[in-house]
Amino acid sequence: MSLILSIVVDGVAYGMILFMISVGLSITMGLMRIINLAHGGFALLGGAAVHLLTTRLDVAFIPAFLVAVLAVVLVSVLLERLLYRHIYGFNELGQVLATIGIVFIMIATVNLFLGSTILPLGAPAIFTTPIDLGFRTLPFHRLVVIISGLLVLAGLWLLMEKTRFGIYLRAAVDNRIAAASLGINTPLVYLVAFATGAGLAAVGGILGAELLPIEAYYPLRYMVLFLIVVSVGGLGSISGSFLASISLGILDTAGRYLLPGIGTIFFFVAIVVLLALRPNGLMGKAQ
Amino acid sequence: MMDPVLSTSPRRAPTALSFLIPSISVVVGASLAFLIFPYDLSFLTRIVIMMIFVVSFDLILGQAGIATLGHAAMYGCGAYAAGLISLHLSPDPLLGLLVGAVAGAVMAWISGLVLLRTHGITLLMISIAVTMVLQETASQARWLTGGADGLAGITVGPLLGLYEFDFVGQVAFIYSVSILAAVLLLCQVLIGSPFGLALRGIEGSASRMRAIGTPVYRRKVTVYVIAGAIAGIAGALAAQVTGLVGIEVFNFSLSADVMVMLILGGAGRLYGALVGTLLFMVVHHVAASIDPLNWLFVIGFMLLIVVFVLPKGLVALPGRLARLLRRTS
């Protein structure tokens, strides 16, 4: 019993990280129909910025966290204006290649300044303090991750359902051309959605660094994982991404606990079967 | 009177010679390289093997328009199959190639049946996941594949029972070039055949091809299996020439590199695959020997330039330049 609870708690924490990083990718893929392989790069840039601020400039973790997320949002706005705006018009293949190019440049930049070792983020000591949950003790960090994941979910839900921007965004996801012809400023919607997604990726990358350590090759190493979340959840669906992240987190953790060795094989076979049966993902709409 | 639709104009009619042109140019180029760089034969052999691999990817991406990110699956199966055969059964190199081709084809058939039913991001994801499954399997099945250490000490017997593989790599180079020439000839015949035309049609518009009665899914599976067999041959060659196979053959970066090389040169043309591979491998070699970290900058910017400026690849460069000149003059 306690084993099952452990799997669930670890899996949910892992899933929350996947959710925070991937949800922006899901929105941009659903909205702009762009395959953005560089999305994990924003998580890397966020982590690298925190590393720089905390270890080299002696900034405390929380302000460093805020500054890093803000910086990543700024970088993403620049990139959207300069590069992504043109990439939207490419075919699938062009998008894959252009975004691989961008991710290579991001990796090389981090590599050039910080090297290719794992970058410690200087998280406060309280993160590792164990908390007694009755059936097991849990590092405080896991609780932070789970709570921030839920906050992000709630925040996105409010944004999508209760604000005018949410209405614009949902309209543009459903039918971009009709939305534009109704006077919605779709380029602005794209920009805001892209920057939000990048910011959330940075949040997930920084908070998740305990489980997915930040290093230069981070975006390539975990790219497949993020893409799997998006394609299993269904493009453009926030609830789909959440469901997919949590279930993949639990599935992967269960595989590691119960079937050490062949757990990863089991995980990927499950993905293949699921995608073969439901090509548009769990909550995706047919295109 | 002849129906004009059925008549084939003499310009379009492929002659035996035109089938041979890519193979001949490769043999000529390789002979020159052999004479000019006699001490870099192992690097040249790697380029030639990569060319075979990229040409096989050109069949599915360039001809049929199927974009996958898991082409390393077939390469790796071919490499492991050839390695195992030469370790446990017979060191004959040609038998190894045959087994590699069969392994690649079987893998392509099994995975193709699933992934060719999908398209877009789902297809990309399934192809990546298949390669991941294979990599994990190879790393876990230690009794068969040697796990993370891989298969080492693969030795191959003399080619055709006559030519012993030497230390300088002359025989290995000539062997690989001959296989490349044969593969190019096969591809050239395939592209010119009605089957090849059907593939081009599918690339252009699958729904129209379905409307005129082409079994689109079956054609795609067929070309995927053929490309898988060729990729398996490339993997088998790599195993025989280097003498080892590791789980890196299933790396995601290999699948991505192949796509990059093809797009760099220009998809849909055999020359594009050859030019792109040559450029990529040479730039990689030079950049990595200067500073391995900056290699990613080079390839990243190269990709962006190709995608933004030369979407048809380097082989389209002369045509573009000519058009620019004509416009300015």
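Just so you know, glycine gets a Cβ as well, placed from its N, Cα and C.
Per TrEMBL, these features apply:
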type	residues	note
TRANSMEM	A:6-27	transmembrane segment
TRANSMEM	A:34-54	transmembrane segment
TRANSMEM	A:60-84	transmembrane segment
TRANSMEM	A:96-119	transmembrane segment
TRANSMEM	A:139-160	transmembrane segment
TRANSMEM	A:190-212	transmembrane segment
TRANSMEM	A:224-251	transmembrane segment
TRANSMEM	A:257-277	transmembrane segment
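In this chain, the transmembrane segment (A:60-84) lies close to the transmembrane segment (A:190-212): three or more C-beta pairs between them fall below 8 angstroms, excluding pairs fewer than 6 positions apart. Within the same chain, residues 36, 39-40, 42-43, 133, 135-136, 138, 142, 145-146, 148-150, 152-153, 156, 169, 173, 193-194, 196-201, 203-205, 207-208, 211-212, 222, 225-227, 229-230, 233-238, 240-242, 245-254, 257-258 sit at least 6 positions outside the transmembrane segment (A:6-27) and bring their C-beta atoms closer than 8 Å to a C-beta of that stretch. Long-range contacts of the transmembrane segment (A:96-119) within its own chain (CB-CB distance under 8 A, at least 6 residues past either end) are made by residues 34-38, 40-41, 44-45, 47-48, 51-52, 79, 83, 87, 90, 213-217, 219-220, 223.
Within its own chain, the transmembrane segment (A:224-251) is flanked in space by residues 7-8, 11-19, 21-23, 25-27, 29-31, 37, 39-40, 153, 156-157, 160, 173, 267, 270-271, 274-275, 280-285, which lie at least six positions past its ends and keep a Cβ under 8 Å from the stretch.
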